[in-house]
Structures are given as C-alpha cells and as structure tokens.
Amino acid sequence: MSKVAVSFTHIIKSGEPAFSVLVSRFLLGESFPLSVYLSLIPIIGGCALSALTELNFNMTGFMGAMISNLAFVLRNIFSKKGMKGKSVSGMNYYACLSLLSLVILTPFAIAVEGPQMWAAGWETALSQIGPQFIW
C-alpha cells in the first residue's frame, strides 16, 4: 500500500472476479458457462483502462496488489471447497480461518515490526484511552 496510491490498489483488487474464475478453471478444472466468461470482459477492460491512466505506477506495489488478489482468491476457492459436505456455516468457517490466520501471522508480524513497535502501540493505547481500553 505504501508503494502505490490506494486508488491503484483498488483498481487491481477489482479484478478479483477474473482471478477467481481463472484460478478455478486452471487450478481446480472447474468449467463455467459462457456467460460467466463474457461477464469478465467489462471487468478486465475497466481494470486495464483504469490502470493505464494511473500516474503513480510502481512495479513493487503492482506485484503486491496482484499477490494479494491471488491470496484472497485462493482463500475463497479453498474455503468453498473445504465447506462442501460440512455442517459448518459460512460465518463460522470464516471465523475459524481468521483465527488460524492470526495464529500463523502473528509471529511474522512480531518478527518484521519488532517488539518495540508493539510496546509503543500498547503505550499509545494506554495513554489515549486509559487502562480500560481492553474492556
């Protein structure tokens, strides 16, 4: 997000339906009706037109947005695949995925940001809200 404008990130993220269909098609072998493929044409065209007019293009930011797109699509596809035949509701499944993501990513966040940043954030929260901010 720091490498490109927020608007450009949203442009790239708006192409997620196209990513979803393409990844489902080539990775899982799912086929879709012709109308689904035809509906992707305006999405791809709009994203391409918007991206062409972006003044602050940065390849690092572009690749970050594309990787984010791919990650969200894979999460959605494998979530749907994992829910088939299960009695878990979509909301509960999403909650479990979120908690699992928290457990997996917290060590990386601490390693990258460092404990000093976490301590500084804690102190800021305490000073602005007070000790009852947890409640």
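Note: Cβ is positioned from N, Cα and C throughout, glycine not excepted.
Predicted automatically and left uncurated, TrEMBL annotations should be read as such.
Going by TrEMBL, these are the annotated features:
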- 1-124: domain 'Sugar phosphate transporter' (DOMAIN)
- 59-78: transmembrane segment (TRANSMEM)
- 90-112: transmembrane segment (TRANSMEM)
For the domain 'Sugar phosphate transporter' (1-124), mean pLDDT (0 to 100): 81
Counts of helix, strand and coil residues, the domain 'Sugar phosphate transporter' (1-124), according to DSSP: 99 helix, 0 strand, 25 coil
